[in-house]
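See below for the structure under consideration.
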Amino acid sequence: MPFVGGAESGDPLGAGRPIGDDECEQYTSSVSLARMLYGGDLAEWVPRVHPKTTIERQQHGPVTFPNASAPTARCVTVVRAPMGSGKTTALIRWLREAIHSPDTSVLVVSCRRSFTQTLATRFAESGLVDFVTYFSSTNYIMNDRPFHRLIVQVESLHRVGPNLLNNYDVLVLDEVMSTLGQLYSPTMQQLGRVDALMLRLLRICPRIIAMDATANAQLVDFLCGLRGEKNVHVVVGEYAMPGFSARRCLFLPRLGTELLQAALRPPGPPSGPSPDASPEARGATFFGELEARLGGGDNICIFSSTVSFAEIVARFCRQFTDRVLLLHSLTPLGDVTTWGQYRVVIYTTVVTVGLSFDPLHFDGMFAYVKPMNYGPDMVSVYQSLGRVRTLRKGELLIYMDGSGARSEPVFTPMLLNHVVSSCGQWPAQFSQVTNLLCRRFKGRCDASACDTSLGRGSRIYNKFRYKHYFERCTLACLSDSLNILHMLLTLNCIRVRFWGHDDTLTPKDFCLFLRGVHFDALRAQRDLRELRCRDPEASLPAQAAETEEVGLFVEKYLRSDVAPAEIVALMRNLNSLMGRTRFIYLALLEACLRVPMATRSSAIFRRIYDHYATGVIPTINVTGELELVALPPTLNVTPVWELLCLCSTMAARLHWDSAAGGSGRTFGPDDVLDLLTPHYDRYMQLVFELGHCNVTDGLLLSEEAVKRVADALSGCPPRGSVSETDHAVALFKIIWGELFGVQMAKSTQTFPGAGRVKNLTKQTIVGLLDAHHIDHSACRTHRQLYALLMAHKREFAGARFKLRVPAWGRCLRTHSSSANPNADIILEAALSELPTEAWPMMQGAVNFSTL
């Protein structure tokens, strides 16, 4: 059994659902959890758990599929094989065998538009000319020929009519794990329908091919449950083409921003000492290695997980060659076949599954990976690293930037590196603590599934929810992200090393490497900020003032007296998904404060939610252009309502007003604990579900063993113990900062309250004295009470805080800015559509006094 806490503390997890032995082994092993989730254990797991399912291991060549016409062929085939193992080629060969007549119908479900187009091109070039894509349909619903052989993106599955959907002979799920992962994407507008349609296809389709480099036990288990063990065949490919198996990956400890600054420094007299030119100093750095290869004439491809770093590294490369191609979400993707015309190609996750470059043109690859709460996740990074199929020198150099990971002590790494485990063995204390954290994470995911009505109604969505949370929540910790990427590369037959170490790695080596990377990222952060390409300057206030869509946006969300320049600044912030999400949550909070009954009636809140959180809003992109962006629907509104109910209560106690800058009164750590205590566990669960922040509970963090392991795996110097109030302050900060974009700042005020000390009223002073149990029975006048308060000034000397709204938050319509009865006509009109019974009742009648 896994470690469950110290003898004195009992079980820090509390009463929870017991985990069975097999499930415990799968989900609570911090060393092998990533291996399980990405299919590395299929060859051992299938015979043990589903003995009637046949399994075929292919080790010595490109993957092959079972004979489609063989009488013993099973109806479901799951293929797990690395990138570069020939899966798509084998699929095309299999389809040629399986399509016996012109009437044989095939549905191919993909995960991305680019993948759909690439697959259609490959099919056509291979003689499968009858396949069409959903792009060619002139009607919204596709219900007849030529769509009997269709390649469709999973988000558009609901556009396939019942005449076709119920009669497909073959279902192909290429990149099946990515396809199922799209169920959790903001672009999924019809989740319930798509989930139900996919489930129907998986149940009734005569032949199914599901293939992916990371197909895992969850997928096989799900298909065995739907179709029966005897009808499932699993192919495990353990071969990768030399373009991958001969590739050598090296994790670098330093970025080398001093070399970057020197290369980009404008001509003129030197402003300081030149960077260290020693081979040792340059060799351990990203930019030192890149400079050496570009100077030596190599052709290099570079992956960057952020657009801003892609822009910076492009500027660096242009110091060596003009033939630099930069590809990200803000540039045209172009034709991949033209990459051979460039010495350097730099790309982000915009180049992913479905797009690949096969010619032997590039000598090596560099990768800059910055784990951040809003992605990209490590699977997307891994897929993007495989877009260039061959490298002359087989070199892949990776720098992990830890500055985007969370530094708060309540975020605890829960994964252990698998190479360290096989070479030097992690100390028992490390494995006990991290196994416990994995178990706690599984329990939190299970609680999410139990609480969500949507999850109960959507079987596929619910089945793979754990993997979605795992990939998002682990982005908070540098070591977790590094371990996941390390495992994915290892499973793809790529040899991975850390700079300064051979294939063996001890726990001490790994923790020291993490610490070095962590501190280097913090040092490099300021340099990168100075060099970052700034948004182009554009004068947009006049255009914003004259645009109808902006006018409607202002009327709906903002105060009437907001200046055009403030509107422009807000629309720039709304260009990111994170900015839009926080804006909507803060707008909903203000609406709940203006209409308090929204916290007592789900129908009222739902109407307010539909009013503010749906439709389109104007944004300004990085090129300075006005752009309308659709707000993604929230898949389940219930936890959003619960969050707003709890936070509006907190906001009212803190005298919250966005227009006034945030909280109207200051508060101390004890006040924070008091605010959170009634619903502490629910706050942690809601932050997990809505913010993808896996906060370790305070009881666990009070364990000395947990604290030591967390310090070692976080790459940080030893930190003190986390007290109950410390934990509450950290959780409070995450709730407001991560979900609403609100910062918690230290206040300079000695005493609670919104005003200056000398302006405190007699009643306020009495309240302060009573709160600190200071006897004031001998004081009658304001002067006497004030003198007594000042005499006990030291008792109020603890840290005090205020919540500060971001600059754009001051533009929002609030309860104070809506004092005018006509100030919120649009919301009033929306609420007027609610039936009378939706409003709170008192003795059978609407309670008008509370409206």
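Sequential numbering from 1, following the chain as shown.
Glycine too: its Cβ is placed from the backbone N, Cα and C atoms.
As recorded in Swiss-Prot, the features of this protein are as follows:
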type	residues	note
BINDING	Ala81, Pro82, Met83, Gly84, Ser85, Gly86, Lys87, Thr88	ATP binding site
DOMAIN	68-233	domain 'Helicase ATP-binding'
REGION	1-21	region 'Disordered'
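Mapped onto this structure are the features recorded in Swiss-Prot.
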residue : record           : Cβ contacts under 8 Å, 6 or more apart
Ala81   : ATP binding site : Gln58, Val63, Lys87, Met211, Ala213, Val235, Val236, Gly237, Glu238, Tyr239
Pro82   : ATP binding site : Ala213, Gly237, Glu238, Tyr239, Ala240, Phe244, Leu491, Asn492, Cys493
Met83   : ATP binding site : Ala213, Ala240, Phe244, Gln383, Gly386, Asn492
Gly84   : ATP binding site : Ala240, Met241, Gly243, Phe244, Ser245, Gly386, Arg389, Asn492
Ser85   : ATP binding site : Pro62, Val63, Ala213, Gly237, Tyr239, Ala240, Met241
Gly86   : ATP binding site : Pro62, Val63, Met241
Thr88   : ATP binding site : Leu119, Arg122, Asp174
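There are 24 other Cβ atoms within 10 Å of the Cβ belonging to Lys87 (ATP binding site). Under the DSSP three-state reduction, Met83 (ATP binding site) is assigned to coil, being neither helix nor strand.
Taking the centre of the Cβ atoms of Ala81, Pro82, Met83, Gly84, Ser85, Gly86, Lys87, Thr88 as the ATP site, the nearby residues of that chain (Cβ within 8 Å, site residues left out) are Pro62, Val63, Ala213, Gly237, Ala240, Met241. Under the DSSP three-state reduction, Thr88 (ATP binding site) is assigned to helix.
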